[in-house]
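Trainee: Please find one structure pasted underneath; my questions will follow.
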Amino acid sequence: GMGGTAGTLTLLLGEGTKRLPQAIIIGVKKGGTRALLEFLRVHPDVRAVGAEPHFFDRNYERGLAWYRDLMPRTLEGQITMEKTPSYFVTKEAPARISSMSKGTKLIVVVRDPVTRAISDYTQTLSKKPDIPTFESLTFKNRTTGLIDTSWSAIQIGIYAKHLENWLLYFPIGQILFVSGERLISDPAGELGRVQDFLGLKRIITDKHFYFNKTKGFPCLKKAEGSSKPHCLGKTKGRTHPDIDQEVVQRLRDFYRPFNMKFYQMTGQDFGWD
(Lines of atoms letter the chains of each structure in order from A and count residues from 1; the text may use other names and numbers.)
(Lines give C-alpha, C1' and ligand atoms only; values in the text may rest on other atoms or scores of the structure.)
Protein backbone atom coordinates (compact mmCIF):
# COMPACT_ATOMS: atom_id res chain seq x y z
CA GLY A 1 0.00 0.00 0.00
CA MET A 2 0.96 3.68 0.06
CA GLY A 3 2.88 4.99 3.02
CA GLY A 4 2.12 7.83 5.40
CA THR A 5 0.14 10.79 4.17
CA ALA A 6 -0.96 9.23 0.90
CA GLY A 7 -2.50 6.30 2.79
CA THR A 8 -4.33 8.62 5.16
CA LEU A 9 -5.55 10.68 2.23
CA THR A 10 -6.88 7.57 0.52
CA LEU A 11 -9.00 6.85 3.59
CA LEU A 12 -10.20 10.45 3.83
CA LEU A 13 -11.29 10.30 0.21
CA GLY A 14 -13.38 7.28 1.07
CA GLU A 15 -11.33 4.93 -1.05
CA GLY A 16 -10.42 1.40 -0.12
CA THR A 17 -12.74 -1.53 -0.65
CA LYS A 18 -15.49 -3.16 1.35
CA ARG A 19 -14.47 -6.76 1.91
CA LEU A 20 -16.15 -9.71 3.56
CA PRO A 21 -14.61 -10.24 7.03
CA GLN A 22 -11.49 -12.39 7.20
CA ALA A 23 -12.00 -12.77 10.96
CA ILE A 24 -15.15 -12.96 13.07
CA ILE A 25 -15.66 -12.90 16.83
CA ILE A 26 -18.35 -15.61 16.99
CA GLY A 27 -18.94 -15.79 20.74
CA VAL A 28 -19.85 -15.93 23.47
CA LYS A 29 -22.60 -13.73 24.81
CA LYS A 30 -21.48 -11.97 28.04
CA GLY A 31 -17.96 -13.34 27.58
CA GLY A 32 -16.16 -10.07 26.87
CA THR A 33 -16.67 -9.76 23.11
CA ARG A 34 -17.33 -6.01 23.16
CA ALA A 35 -14.19 -5.38 25.20
CA LEU A 36 -12.12 -7.49 22.81
CA LEU A 37 -13.48 -5.69 19.75
CA GLU A 38 -12.91 -2.23 21.25
CA PHE A 39 -9.36 -3.18 22.28
CA LEU A 40 -8.62 -4.62 18.82
CA ARG A 41 -9.86 -1.51 17.05
CA VAL A 42 -6.89 0.36 18.48
CA HIS A 43 -4.78 -1.55 15.94
CA PRO A 44 -4.29 0.49 12.74
CA ASP A 45 -4.71 -2.63 10.59
CA VAL A 46 -8.03 -3.68 12.08
CA ARG A 47 -11.29 -2.27 10.68
CA ALA A 48 -14.46 -3.49 12.34
CA VAL A 49 -18.23 -3.09 12.20
CA GLY A 50 -19.50 -1.40 15.38
CA ALA A 51 -22.96 -2.96 15.60
CA GLU A 52 -23.54 -6.72 15.59
CA PRO A 53 -24.62 -7.66 12.03
CA HIS A 54 -26.32 -10.95 13.05
CA PHE A 55 -25.88 -12.04 9.44
CA PHE A 56 -25.24 -15.76 9.87
CA ASP A 57 -28.08 -16.22 12.34
CA ARG A 58 -30.91 -13.70 11.66
CA ASN A 59 -30.19 -11.95 8.36
CA TYR A 60 -28.76 -14.68 6.17
CA GLU A 61 -31.52 -14.47 3.55
CA ARG A 62 -30.41 -10.89 2.80
CA GLY A 63 -27.37 -12.31 1.07
CA LEU A 64 -23.60 -11.77 1.05
CA ALA A 65 -23.77 -8.49 -0.93
CA TRP A 66 -25.92 -6.96 1.84
CA TYR A 67 -23.45 -8.27 4.43
CA ARG A 68 -20.42 -6.93 2.59
CA ASP A 69 -22.04 -3.53 2.31
CA LEU A 70 -22.15 -3.29 6.13
CA MET A 71 -18.37 -3.60 6.25
CA PRO A 72 -16.01 -0.65 6.60
CA ARG A 73 -13.69 0.18 3.69
CA THR A 74 -10.20 -1.22 4.05
CA LEU A 75 -6.85 -0.65 2.43
CA GLU A 76 -4.47 -3.42 1.35
CA GLY A 77 -3.19 -5.32 4.38
CA GLN A 78 -6.00 -4.31 6.74
CA ILE A 79 -8.27 -6.90 8.33
CA THR A 80 -12.06 -6.59 8.21
CA MET A 81 -13.84 -7.87 11.33
CA GLU A 82 -17.27 -8.15 12.91
CA LYS A 83 -18.62 -9.64 16.12
CA THR A 84 -21.91 -11.38 16.77
CA PRO A 85 -21.71 -13.51 19.93
CA SER A 86 -24.83 -15.56 19.14
CA TYR A 87 -23.11 -17.21 16.15
CA PHE A 88 -21.36 -19.65 18.50
CA VAL A 89 -24.66 -21.25 19.53
CA THR A 90 -26.34 -21.04 16.11
CA LYS A 91 -26.65 -24.48 14.48
CA GLU A 92 -26.39 -23.18 10.90
CA ALA A 93 -23.60 -20.65 11.44
CA PRO A 94 -20.54 -22.92 10.92
CA ALA A 95 -21.73 -24.18 7.50
CA ARG A 96 -22.73 -20.68 6.44
CA ILE A 97 -19.44 -19.06 7.42
CA SER A 98 -17.51 -21.93 5.85
CA SER A 99 -19.40 -21.48 2.59
CA MET A 100 -18.48 -17.76 2.60
CA SER A 101 -14.82 -18.68 3.16
CA LYS A 102 -13.24 -21.83 4.56
CA GLY A 103 -10.31 -19.66 5.63
CA THR A 104 -12.25 -17.35 7.97
CA LYS A 105 -10.47 -16.97 11.30
CA LEU A 106 -12.80 -17.42 14.26
CA ILE A 107 -12.43 -15.97 17.75
CA VAL A 108 -14.41 -17.15 20.77
CA VAL A 109 -14.20 -15.22 24.04
CA VAL A 110 -15.13 -17.66 26.78
CA ARG A 111 -15.74 -17.04 30.44
CA ASP A 112 -16.58 -19.18 33.47
CA PRO A 113 -20.01 -20.58 32.48
CA VAL A 114 -21.46 -19.97 35.95
CA THR A 115 -20.56 -16.26 36.10
CA ARG A 116 -21.51 -16.01 32.42
CA ALA A 117 -25.00 -17.35 33.20
CA ILE A 118 -25.41 -14.93 36.10
CA SER A 119 -24.24 -12.05 33.90
CA ASP A 120 -26.70 -13.11 31.21
CA TYR A 121 -29.50 -13.17 33.77
CA THR A 122 -28.40 -9.76 35.11
CA GLN A 123 -28.65 -8.28 31.61
CA THR A 124 -32.17 -9.66 31.11
CA LEU A 125 -33.19 -8.46 34.58
CA SER A 126 -32.07 -4.90 33.72
CA LYS A 127 -34.50 -4.95 30.77
CA LYS A 128 -37.35 -6.91 32.41
CA PRO A 129 -37.30 -6.36 36.18
CA ASP A 130 -40.27 -8.72 36.73
CA ILE A 131 -38.69 -11.98 35.49
CA PRO A 132 -38.49 -14.96 37.90
CA THR A 133 -35.49 -15.42 40.19
CA PHE A 134 -32.23 -16.86 38.88
CA GLU A 135 -32.77 -19.91 41.11
CA SER A 136 -36.23 -20.71 39.77
CA LEU A 137 -35.02 -20.46 36.17
CA THR A 138 -31.97 -22.64 36.86
CA PHE A 139 -33.84 -25.73 38.06
CA LYS A 140 -36.43 -27.86 36.29
CA ASN A 141 -37.08 -29.28 39.71
CA ARG A 142 -35.64 -27.55 42.78
CA THR A 143 -36.08 -30.59 45.04
CA THR A 144 -34.17 -33.02 42.85
CA GLY A 145 -31.77 -30.26 41.81
CA LEU A 146 -32.33 -31.09 38.14
CA ILE A 147 -30.92 -28.27 36.04
CA ASP A 148 -32.94 -26.81 33.20
CA THR A 149 -30.54 -27.02 30.27
CA SER A 150 -33.16 -25.56 27.93
CA TRP A 151 -32.76 -22.13 29.54
CA SER A 152 -30.47 -20.25 27.18
CA ALA A 153 -28.45 -18.71 30.03
CA ILE A 154 -27.37 -22.24 30.95
CA GLN A 155 -27.32 -23.73 27.46
CA ILE A 156 -24.79 -21.17 26.11
CA GLY A 157 -22.18 -22.19 28.72
CA ILE A 158 -21.99 -25.82 27.56
CA TYR A 159 -19.09 -24.77 25.33
CA ALA A 160 -17.90 -28.29 24.43
CA LYS A 161 -21.28 -29.12 22.91
CA HIS A 162 -21.37 -26.01 20.71
CA LEU A 163 -17.72 -26.37 19.72
CA GLU A 164 -18.33 -29.86 18.30
CA ASN A 165 -20.62 -28.28 15.74
CA TRP A 166 -17.88 -25.85 14.60
CA LEU A 167 -15.26 -28.59 14.34
CA LEU A 168 -17.34 -30.28 11.63
CA TYR A 169 -16.45 -27.29 9.41
CA PHE A 170 -13.28 -25.69 10.79
CA PRO A 171 -9.95 -27.07 12.03
CA ILE A 172 -9.31 -26.26 15.69
CA GLY A 173 -6.25 -24.22 14.70
CA GLN A 174 -8.49 -21.75 12.90
CA ILE A 175 -10.38 -20.96 16.11
CA LEU A 176 -8.79 -18.84 18.84
CA PHE A 177 -10.16 -19.13 22.36
CA VAL A 178 -9.71 -15.98 24.40
CA SER A 179 -10.11 -16.10 28.17
CA GLY A 180 -12.66 -13.50 29.28
CA GLU A 181 -11.04 -13.50 32.72
CA ARG A 182 -7.54 -12.86 31.35
CA LEU A 183 -8.91 -10.18 29.05
CA ILE A 184 -9.65 -8.27 32.27
CA SER A 185 -6.61 -9.28 34.37
CA ASP A 186 -4.03 -9.08 31.55
CA PRO A 187 -5.54 -7.35 28.50
CA ALA A 188 -2.19 -6.80 26.77
CA GLY A 189 -1.25 -10.48 27.14
CA GLU A 190 -4.52 -11.73 25.65
CA LEU A 191 -4.36 -9.10 22.90
CA GLY A 192 -0.85 -10.32 22.09
CA ARG A 193 -2.25 -13.79 21.39
CA VAL A 194 -5.05 -12.32 19.27
CA GLN A 195 -2.70 -10.16 17.20
CA ASP A 196 -0.44 -13.17 16.57
CA PHE A 197 -3.44 -15.29 15.54
CA LEU A 198 -4.61 -12.60 13.10
CA GLY A 199 -1.11 -12.21 11.70
CA LEU A 200 -0.87 -8.62 12.90
CA LYS A 201 2.17 -6.79 14.27
CA ARG A 202 2.02 -6.68 18.08
CA ILE A 203 1.13 -3.02 18.32
CA ILE A 204 -1.36 -3.18 21.20
CA THR A 205 0.63 -3.50 24.44
CA ASP A 206 0.51 -2.57 28.14
CA LYS A 207 1.02 1.06 27.18
CA HIS A 208 -2.53 1.18 25.81
CA PHE A 209 -4.34 0.24 29.03
CA TYR A 210 -5.02 1.58 32.47
CA PHE A 211 -7.07 -0.19 35.12
CA ASN A 212 -10.24 1.56 36.24
CA LYS A 213 -10.76 0.65 39.91
CA THR A 214 -14.39 1.81 39.99
CA LYS A 215 -15.41 -0.31 37.01
CA GLY A 216 -13.04 -3.16 37.82
CA PHE A 217 -12.15 -3.13 34.12
CA PRO A 218 -9.15 -2.22 32.03
CA CYS A 219 -9.80 0.87 29.87
CA LEU A 220 -8.05 2.28 26.84
CA LYS A 221 -5.85 5.35 27.27
CA LYS A 222 -6.89 6.36 23.75
CA ALA A 223 -9.84 4.92 21.87
CA GLU A 224 -9.77 4.27 18.13
CA GLY A 225 -9.60 7.58 16.26
CA SER A 226 -9.63 9.66 19.43
CA SER A 227 -7.18 11.07 21.94
CA LYS A 228 -9.60 10.62 24.84
CA PRO A 229 -9.51 7.68 27.24
CA HIS A 230 -12.26 5.17 26.72
CA CYS A 231 -14.00 2.75 29.08
CA LEU A 232 -16.82 0.44 28.07
CA GLY A 233 -20.33 1.84 28.51
CA LYS A 234 -22.63 1.78 31.54
CA THR A 235 -24.21 -1.52 30.54
CA LYS A 236 -20.84 -3.24 30.96
CA GLY A 237 -19.67 -4.56 34.31
CA ARG A 238 -23.08 -4.51 35.99
CA THR A 239 -23.22 -5.65 39.61
CA HIS A 240 -24.53 -9.20 39.79
CA PRO A 241 -27.38 -10.05 42.20
CA ASP A 242 -26.49 -12.30 45.13
CA ILE A 243 -27.16 -15.89 44.17
CA ASP A 244 -27.59 -18.57 46.83
CA GLN A 245 -24.19 -20.31 47.21
CA GLU A 246 -25.80 -23.74 47.06
CA VAL A 247 -27.24 -22.89 43.63
CA VAL A 248 -23.84 -21.68 42.46
CA GLN A 249 -22.27 -24.93 43.71
CA ARG A 250 -24.91 -27.02 41.90
CA LEU A 251 -24.09 -25.16 38.70
CA ARG A 252 -20.33 -25.60 39.21
CA ASP A 253 -20.89 -29.37 39.56
CA PHE A 254 -23.13 -29.38 36.51
CA TYR A 255 -20.63 -27.58 34.27
CA ARG A 256 -17.47 -29.36 35.50
CA PRO A 257 -17.56 -32.34 33.09
CA PHE A 258 -18.38 -30.05 30.16
CA ASN A 259 -15.54 -27.69 31.14
CA MET A 260 -13.09 -30.61 31.34
CA LYS A 261 -14.16 -31.76 27.89
CA PHE A 262 -13.74 -28.20 26.60
CA TYR A 263 -10.22 -27.96 28.09
CA GLN A 264 -9.34 -31.23 26.31
CA MET A 265 -10.79 -30.10 22.99
CA THR A 266 -9.01 -26.73 23.03
CA GLY A 267 -5.82 -27.85 24.76
CA GLN A 268 -6.28 -24.94 27.20
CA ASP A 269 -7.13 -25.01 30.88
CA PHE A 270 -9.22 -21.92 31.64
CA GLY A 271 -9.09 -22.50 35.40
CA TRP A 272 -12.81 -22.22 36.00
CA ASP A 273 -13.03 -24.68 38.80
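Every residue, even glycine, has its Cβ placed from backbone N, Cα and C.
Unlike curated records, TrEMBL annotations are generated automatically.
Among the features that TrEMBL reports, active site, for sulfotransferase activity is placed at LYS30. TrEMBL lists LYS30, GLY31, GLY32, THR33, ARG34, ARG111, SER119, LYS236, GLY237, ARG238, THR239, HIS240 with the feature 3'-phosphoadenylyl sulfate binding site. If you look up TrEMBL, you'll see CYS219-CYS231 marked as disulfide bond. Positions annotated as domain 'Sulfotransferase' by TrEMBL: 21-256.
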Trainee: Please find which two of LYS30, GLY31, GLY32, THR33, ARG34, ARG111, SER119, LYS236, GLY237, ARG238, THR239, HIS240 have the most distant C-alpha atoms, given that the record lists them as binding 3'-phosphoadenylyl sulfate, and give only that distance in angstrom, rounded to a whole number.
Mentor: 18
Trainee: Of the recorded positions LYS30, GLY32, SER119, GLY237, THR239, which one sits closest to CYS231 (disulfide bond) when you measure Cα to Cα?
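Mentor: Closest recorded candidate to CYS231 (disulfide bond) by Cα: GLY237.
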Trainee: Hey, how far is SER119 (3'-phosphoadenylyl sulfate binding site) from LYS30 (active site, for sulfotransferase activity), Cα to Cα, in Å?
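Mentor: The Cα atom of SER119 (3'-phosphoadenylyl sulfate binding site) is 6 Å away from the Cα atom of LYS30 (active site, for sulfotransferase activity).
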Trainee: Roughly how many Å separate the Cα of ARG34 (3'-phosphoadenylyl sulfate binding site) from that of CYS219 (disulfide bond), to the nearest whole number?
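Mentor: One finds 12 Å between the Cα atoms of these residues.
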Trainee: Check the Cα-Cα distances from LYS30 (active site, for sulfotransferase activity) to the recorded positions CYS219, GLY237, THR239 and tell me which is shortest.
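Mentor: Answer for the nearest of the recorded positions: GLY237.
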Trainee: Near the Cβ of CYS219 (disulfide bond), how many other Cβ atoms are there if near means within 10 Å?
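Mentor: Result for CYS219 (disulfide bond): 19 other Cβ atoms within 10 Å.
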Trainee: State which of the following recorded positions has the fewest other Cβ atoms within 10 Å around its Cβ: LYS30, ARG34.
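Mentor: It is ARG34 that, of the recorded positions LYS30, ARG34, has the fewest other Cβ atoms within 10 Å.
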